[in-house]
């Protein structure tokens, strides 16, 4: 674009307005239908657009995203996310350029908010007709249509989270959470309720949509109900979990319990700015809400988590896969499902708690007694995954107050480690989700003393791959965790194995589907191993008639896991690596057609051993567990037959699954064994004993 000539005549502003309406009546009318209260009208003055001109970025394509739940969409409002290194001044220029180019085409726009501090971008109100234009602007990474989020709520709970050896009335927690501040993003709060008076500071932050319906009556007790109850569950004097924790409330949900993705984003940005201006001790953010899957909301949660903030969220009350919702699907967030007094999944009418691989653990979420906004001394019972998330936020506050230096990865591993295990009736979940859903109910630790001297591991499942022949699935550990082993699982049994590989400077677990397969899962075993030095050793397929072998040849390195994969088709028949525990325990042995991979690690005092359990006749499931004091790091099957569906770790147990033997046509020679690699750290154990 050239500069404006000094001889150019400028038209009067009223005439420009009239011309604009005549040239673009459809766009202007559509935008007025969505919001008739625009505060600013931007005209495409040629000189302004010339000043904003920037060279477009080549080789990059911005993408558009919107909520998969049509009733929750909010067309006309968009979050424009810019590339990571974009400065605030560039964000503002990009927003002005969008306004100028839109006005030139006859459309009105309004910049509602410019993000900085958490992620670069801006929130804009505009016609959907402008999306193509906006996607071509410099610095734009992606655009997401705004959508709705909802509150997830429709004294047995304190008893349930108390360690088994104690009664709730005699249990003294290691810390009441006094060093931790909990941010609550919810409705407004009745801060003078006796349960939370003096414990909750109501901030001046508010970003909520108008209530649906012109006759909606805003009763104070109704507007404060959800937030007041959850604040009481987290830190209430009588019914709270972390009675010493302080709280700050941000209002992002209206009186109907409804908010927006953009409002939640601005709330998270508010927390990040507060953290930068006035750094305090450990922070926990409670997000007792859920909306459709949102890339931008998950990205914001990731940024905040990597800044040291612990985020806890509700899994959702839709009796559905939690991975379809945000922020529940964000890997950096601790996602909580709900159980009842019998430790069974909560049913809410025709719906109920969400489930699946994106859930980290469950917690009490049915008929929870807490503060009521009806009066300053009233109590009420509420149910939902919001209440479950509030319990875990309280437990997290207590753990962080006792050990303020805990990272998110360390906190998550402790929450999983101290949970009650295998108490949920898995039959409640859909069949294809049972193996993916953790059978864990949150509990307070009996003591934080000595917890730091244990080897903690957890199992992370990937999303299901596609059914195509070359489809793969990838499972990743958190940045502070070590990937110690990799396995795969296919319900059809048709897979080409798995392997660990470097991606972005971090090891990941990749599983391979096979011809005729229905898809595959990758399963990572993610552990906390301080000062670890880990590497992968690979042996290519061997010559005919020979087995493939690989071992840990570096001094001081021990075997933590074995995996294998086929580069060529073997009709979908995966034959996993065979561990030989006798003679050379640091060795993986496999079939000659496969590449074999050994995960070898060195860490202070680390020692590992192989444990095998086989059954002479074929079984649908074979297990082997590590003894107390040892932690499962690797899990595989021996030998590999066409009937093996895969191997995976459940807590400290290695599980090998096979197809139904009654229909698989198996023979007695095809017995399957589960092989576990169990590790511990002598260095950590000795340090723990010295402290006791």
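Keep in mind that glycine also has a Cβ here, set from the backbone N, Cα and C atoms.
Quick look at what Swiss-Prot lists:
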- 223-255: disulfide bond (DISULFID)
- 323-358: disulfide bond (DISULFID)
- 457-527: disulfide bond (DISULFID)
- 477-526: disulfide bond (DISULFID)
- 486-509: disulfide bond (DISULFID)
- 534-601: disulfide bond (DISULFID)
- 552-600: disulfide bond (DISULFID)
- 562-588: disulfide bond (DISULFID)
- 608-679: disulfide bond (DISULFID)
- 626-678: disulfide bond (DISULFID)
- 635-654: disulfide bond (DISULFID)
- 533: N-linked glycosylation site (CARBOHYD)
- 450-692: region 'C-terminal domain' (REGION)
- 1-30: signal peptide (SIGNAL)
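Looking at 358, 526, 608, the disulfide-bonded residues in this record, the fewest other C-beta atoms within 10 angstroms of the C-beta turn up around 608. Cβ neighbour count for residue 600 (disulfide bond): 24 (other Cβ atoms within 10 Å of its Cβ, all protein chains included). Using a 10 Å radius centred on the Cβ of residue 533 (N-linked glycosylation site) and all shown protein chains, the other Cβ atoms total 13.
The recorded positions shown are 457, 526, 533, 608, 654; of these, the one with its CA atom nearest the CA of residue 486 (disulfide bond) is 526. With respect to residue 526 (disulfide bond), the closest of these disulfide-bonded residues in Cα terms is 457, chosen from 323, 457, 509, 600.
Residue 527 (disulfide bond) falls within a strand when secondary structure is assigned with DSSP. Note: the Cα of residue 654 (disulfide bond) and the Cα of residue 626 (disulfide bond) are spaced 8 Å from each other. Reported as a whole number, the C-alpha separation between residue 601 (disulfide bond) and residue 477 (disulfide bond) equals 16 Å. Closest to residue 457 (disulfide bond) in space, going by CA atoms and restricting to the disulfide-bonded residues 358, 600, 635, is 635.
Around residue 527 (disulfide bond), taking its Cβ as the centre, 26 other Cβ atoms fall within 10 Å, counting all chains. For residue 678 (disulfide bond), the Cβ neighbour count at a 10 Å cut-off comes to 23, with all displayed protein chains included. For residue 679 (disulfide bond), other Cβ atoms within 10 Å of its Cβ number 25. Cα separation, residue 588 (disulfide bond) to residue 323 (disulfide bond), rounded: 35 Å. On the 0 to 100 pLDDT scale, the model's mean across the region 'C-terminal domain' (450-692) is 83.
Secondary structure from DSSP puts residue 223 (disulfide bond) in a helix.
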